[in-house]
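Okay, structure first, notes after.
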Amino acid sequence: MSTANQSWAKRNRMTITPLLFLLPGILFFVAYVVFPIFQSFNISLYEWDGLGEATYIGAGNYQELLTDRNFEISLWNNVKWLVLYLLAIPAGLLIALLLNQTVPGIRLYKSLFFFPFVISQVVVGLVFSWFYLPRVGLLNALLTSLGLESINVLGDPTLATYGIIAAGLWPQTAYCMILYLTGLNAVDPEQVEAGRLDGAKGVKMLWYVILPQLRPATFIAFVVTIIGALRSFDLISIMTNGGPFGSTRVLSFYMFEKALSEYGFRMGYGSAIAVVLFFIMLFFIAYFLWSMYRDEREARR
Amino acid sequence: MLKKFASVAGALALSTALVTPAMAELSGKLRIMSDMSNPAPRAIMEGLAADFDAMHPDLEVEVEIVDREAWKSQIRNALTADAPDVINWYAANRMGPYVNAGLFEDISDMYANGDLPGLDSVKGAMTLDGKQWGVPYTYYQWGIYYREDIFKELGLSEPTTFDEEIANCAKILESGRKCYTIGSKYLWTAGGWFDYMNMRTNGFDFHMQLATGQASWTSDEVRATFANWRKLIDMGAFIDDHQTYSWQEALPFFVKGEATAYLMGNFVVPHLREGGLTDDQIDFYQFPKIADVPMGEDAPTDTFHIASAAQNKEAARAFLQYVTSADVQTEINAGSGLGQLPVNSASSVDDDEFLNQGFEMLSNNATGGIAQFFDRDFPAEMASIGMEGLQEFMVFPDNLDDILNRLESARGRIYK
């Protein structure tokens, strides 16, 4: 009996070993990621303050979401973030192309450009909110010296979200830049040479020769930027705290406010928002996974 | 005292209780979790615990101090898992969720049998559903802090009516200053303005009806409140861009004299003194009368409670008695400590210009009633939606109809 077992384990060890190595990771992933997702689904069907009895209200929370103007504002702000945050990719590429040269001291310039990504988002938020300050901020000093009207970026409900996105673009551009810089190192000089012989120059060279070789870097930049946009929480919390009058909230911030902040503790409603956010993320994540799977299959062929 | 003690420690201890103070028999461990995390309150809390520990040789007092802001959400976890014996919180409606969930100990008997002498006047703020759920340890007045020197320079005197207030403000504006500084980024400061506008326009009772959901946000009374408030807004009485500043960031306007008054709680005074203003430059007046209604005042009260899952309730009760006793109240609320008002009527108020005026005002000229504060009287969710609307009103007064309709529909949903 025991020998049979041993031989079974021996025969299958090529399968068992990786599974065993994966097991701790999978256990943690199930306990801390998969299980809470289903738990959120469940809580979103209840009205619960986190302390007392939870009452089942079916789709009640979702019905309320449909008529909740703050939810609508948050959703639109998420869309703004998603679209405008992508600007970090071309901007990062541009800076990477600029810095991809061999001049003395280029390492210093590279590190300076990378600097905003290293410092904490909280610091970025503080720096930008000082920059935007209504009377003494640098931005308004600049505007008034040019003879323009001063503006209160973070106090104006139509501008505030864009002001925060601009702050977010600063570190995100640096991140994309570093991805492209490493990508540019891997560009095949022979292909560039060949392109040059065929008369490709400037934009054409970039578009047809360089960019296709940067595809992996672009893909990763796209992934981290989309995820960064959906996770935009700390900047909002630091710079406006969701205000003025809730005009800069995004879904993640609204969820936090409703479920966990000082005046919140509507766990069911917060979970319903989280579920919506989850499906938005799932859409992108599914696309990323699918395209990675496709690339890998092509590579294997 | 003896009767209570007998039930606690049994007949054997009774004989010793006759010779030593009853509480000396407390034993075991008393765990206190406090949100008094700012430097001065922290020292007070640690001092209280050390003194109480020294009074009771067999009792071990353990204090854990949590950041004041973080505590507002941590209290839930603290009370549900491995609850401490004594915790800090706030009076009035803010106790609601914990009282309803059965997490605070009912201490009505302590009030009923005279264990808490001198607390009759503050009992109301600790009462929910006809029972008392904790004790207060400090409170402070709200009101208008103003630049005495600038008032003198412009020949103004403390206004007692809203018309005088507006006349003063017109002169202040003429001199190139703003009348009021405010930072509404974190919303609650706007709640203070609404409290006073509404209590002065419609009276304390109406304000409480609004807080408890019995009155409508679209009623004529509420509109009258906003119409009065709008008079000031339309004059340009408030500093510009206040939605971008926290209440601390709004202080420099007052200190530099760019704005002459600040509607605030008494905790603003140390900040003004630190900013370099002397007591000759700062003074205080009660928010002026608008309609002919008894004056209601905001006086937020901070509290101690016993967790219903506490392990050492005898010691916890003794600690609440100790904290609220007249001498301790005098000591911890003095200018060298919290710099606020004692809750025990037998305590004395520290000799401080602002504490004296505040105490005088709350004792003699708050006949309407004492409110806690917008975000403590209104249920949490109504408060957060409400304050957001108030901030929007202060920036875009024309949006009033939309704001009120929104608040009214929130009222329909929140109070069931």
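Even glycines carry a Cβ here, placed using N, Cα and C.
Predicted automatically and left uncurated, TrEMBL annotations should be read as such.
The transmembrane segment feature in TrEMBL is assigned to A:20-38 (among others). For the transmembrane segment (A:20-38), the residues of the chain that approach it from at least six positions outside its boundaries are 278, judged by C-beta separation under 8 angstroms.
Marked as domain 'ABC transmembrane type-1' by TrEMBL: A:78-290.
Marked as transmembrane segment by TrEMBL: A:81-100 (among others).
Here TrEMBL flags A:112-133 (among others) as transmembrane segment.
Summarising the annotation, TrEMBL assigns transmembrane segment to A:159-184 (among others).
TrEMBL lists A:205-230 (among others) with the feature transmembrane segment. Tertiary neighbourhood of the transmembrane segment (A:205-230): same-chain residues 78, 81-82, 85-86, 88-89, 92-93, 97, 168, 172, 175-176, 179-180, 182-184, 186-188, 191-192, 195-196, 252, 277, 280-281, 284, 288, 291, selected by CB-CB distance under 8 Å and a gap of 6+ residues from either end.
Long-range Cβ contacts of the transmembrane segment (A:269-290) within its own chain (Cβ-Cβ under 8 Å, at least 6 residues beyond either end) map to 37, 40-41, 43-44, 47, 61-62, 64-65, 71, 74-75, 78, 223, 226-227, 230, 251-252, 254-256, 258-260. Sequence annotations record features per position, and here TrEMBL assigns transmembrane segment to A:269-290 (among others).
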Requested in this report: Would you mind listing the long-range same-chain contacts of the transmembrane segment (A:159-184), meaning Cβ under 8 Å and 6+ residues beyond its ends?
Outcome: 77, 80-81, 84-85, 87-89, 91-93, 95-97, 99-100, 110, 113-117, 119, 121, 124-125, 127-128, 132, 151, 153, 210, 213-214, 216-218, 220-221, 224-225, 228-229, 232, 235-236, 239-240, 243-244, 247-248
Query raised in the report: Any residues 6+ beyond the ends of the transmembrane segment (A:81-100) with a Cβ under 8 Å from its own?
Result: 106, 109-110, 113, 161-162, 165, 168-169, 172-181, 183-184, 206, 214, 218, 221-222, 225-226, 228-230, 232, 250
